[in-house]
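Q: Below are the features I grabbed from TrEMBL:
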TRANSMEM  241-264  transmembrane segment
TRANSMEM  306-334  transmembrane segment
TRANSMEM  340-364  transmembrane segment
TRANSMEM  376-401  transmembrane segment
TRANSMEM  407-429  transmembrane segment
TRANSMEM  467-486  transmembrane segment
TRANSMEM  498-524  transmembrane segment
TRANSMEM  536-556  transmembrane segment
TRANSMEM  568-596  transmembrane segment
Amino acid sequence: MFVYLSDLIVRKETAAMGRTLALVLAILISLHGTHVRSDASDHRYKEGESVPFYANKVGPFHNPSETYRFFDLPFCVTGHEREKTEALGEVLNGDRLVSAPYDLNFKTEKDSQPVCKRRLTKEQVAQFREAVKKDYYFQMYYDDLPIWGFIGTVDKDGKTDPSEYKYFLYKHIQFDILYNKDRVIEISARMDPHSVVDLTEDKDIDVEFLYTAKWKETDIPFEKRMEKYSQSSSLPHHLEIHWFSIINSCVTVLLLTGFLATILMRVLKNDFMKYAQDEEAADDQEETGWKYIHGDVFRFPKYKSLFAASLGSGTQLFTLTIFIFMLALVGVFYPYNRGALFTALVVIYALTSGIAGYTATSFYIQLEGSNWVRNLLLTGCLFCGPLFLMFCFLNTVAIVYSATAALPFGTILVILLIWTLVTSPLLVLGGIAGKNSKTEFQAPVRTTKYPREIPPLPWYRSTIPQMAMAGFLPFSAIYIELYYIFASVWGHRIYTIYSILFIVFIILLIVTAFITVALTYFQLAAEDHEWWWRSFLCGGSTGLFIYGYCLYYYYARSDMSGFMQTSFFFGYMLCICYGFFLMLGSVGFRASLLFVRHIYRSIKCE
């Protein structure tokens, strides 16, 4: 009856910063599998010994973000419940563990053991009925192994009128537990369909909650007890789809590379030959107009402080993504390692803030900026600011709903302390290092005093159509894999094939860089020298396509509903897509900058 679910997606600074990141990576790897241990740290038990058993949360099956504390529903309360002290990542993940009202001692059989007898009031019956109507499930952890089950069922029995449906609450749960010598290997929960309570009418009801525990020996080793949760990702038909996704992405890369090799490089070669042989013969060649704007192509962009801050934030997010992939590939984020991903995101983002400060400030100084302190503040707030505002709104929504997604004050205080004591100082240190780097912007040609007028261009050469063209190809290379990522983050699938995801990510970077370079060339060939912001916007436009996919996924591929789930989905996906915009925008600009420097270094300009 139960369904398996899932809780659940640079530039170098100084040598000291690199050593710090390496140390953090080593610490996180050393904590792999240890930071979410149960009370019995070695997971070995004697017969009859108590095994840590925690009830976690309940919520609508189709709304993964809308979860509530287990005892928010009127289940049996023994009076001996105690809350488990949780790590930062577990709290961010919405886990709220409290000792379960069942005694499942090691290898101790129980048959229809009563938990409690209680009388449900009309209000409590209505509360349970509403939960059953929304397909509420529960989640528990037994020796760190996840357990799920539905709390009730709806009997439709061919009825078309919802008012004729009958609602039943399961009152008997059977735990089937597998063990190997002195260790728990597997546990599942089965609800007895013959032991139910009718909740259809609003009236007081007497209920006796029962549970059964059956133990069976197995030869599965303890080290492999988590493998079954990741098998769904490795099923043959799923692997075929993943490999199809990679093949699709590779074909996209090959086509784009072929396009650049046969068209762009050939045109460039012709350009170089014409400029070398006879400069006057090239005056009437529209496609070679990029030489005639050599005095403007390295003219610094408008809003240089915002541009440098965007580049710094994008570089930091790129570094963060690479580190997360490194941790994933070494196996830190195995299924139901509660909170590991959120802990890694918070810690690594805080420690990489120095990279953002260094990149933004050093580039701002290269652009002859004067107010580097203001630029540093803008860098620190460019991504964190919108994220913080979105968090405040969504946390308020969660508080109104009394959901577990609402962070306790203590957790918010810890995050603020991390930002104050780690993120901000490293950002400032990175900014100071960038200011003192004394590097100058390397331009192969001189910039004229007055900018050349940009000729009138057709509509499809304006910024928005160019962004649409630039974002479509990278998005087409990843959209197949996006479904599995969304189904894992916003559904109950389990995603464990991080190697394939990493390959797709590398392909995404390559396609983004190539298409941005191609569009930059065509822009320069049309004698439009304002390529700085255009290359950043075109590179980051894939983030807009991903957010468009969010609309499609929400309405066509998911069953999510309700204000809380909708606001969480679109709110946090907006922040994620904004992060992708900054990251891929910095990749696109860097690639375009290398390309532009190369072509202008290859010709002689007076």
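Keep in mind that glycine also has a Cβ here, set from the backbone N, Cα and C atoms.
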Q: Do the transmembrane segment (467-486) and the transmembrane segment (306-334) share at least 3 Cβ pairs closer than 8 Å, excluding pairs fewer than 6 residues apart in sequence?
A: no
Q: Do the transmembrane segment (376-401) and the transmembrane segment (568-596) share at least 3 Cβ pairs under 8 Å, sequence separation 6 or more?
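A: They are in contact.
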Q: Please figure out which one of 241-264, 498-524, 536-556 racks up the most CB pairs under 8 Å against the transmembrane segment (568-596).
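A: Against the transmembrane segment (568-596), the leading stretch is 536-556.
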Q: What parts of the chain pack near the transmembrane segment (241-264), using Cβ distances under 8 Å and only residues at least 6 beyond its ends?
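A: Counting only partners 6 or more residues beyond its ends, the transmembrane segment (241-264) has Cβ contacts under 8 Å with 473, 476-478, 480-481, 484, 497, 500, 503-504, 507-508, 510-511, 514-515, 517-518, 521.
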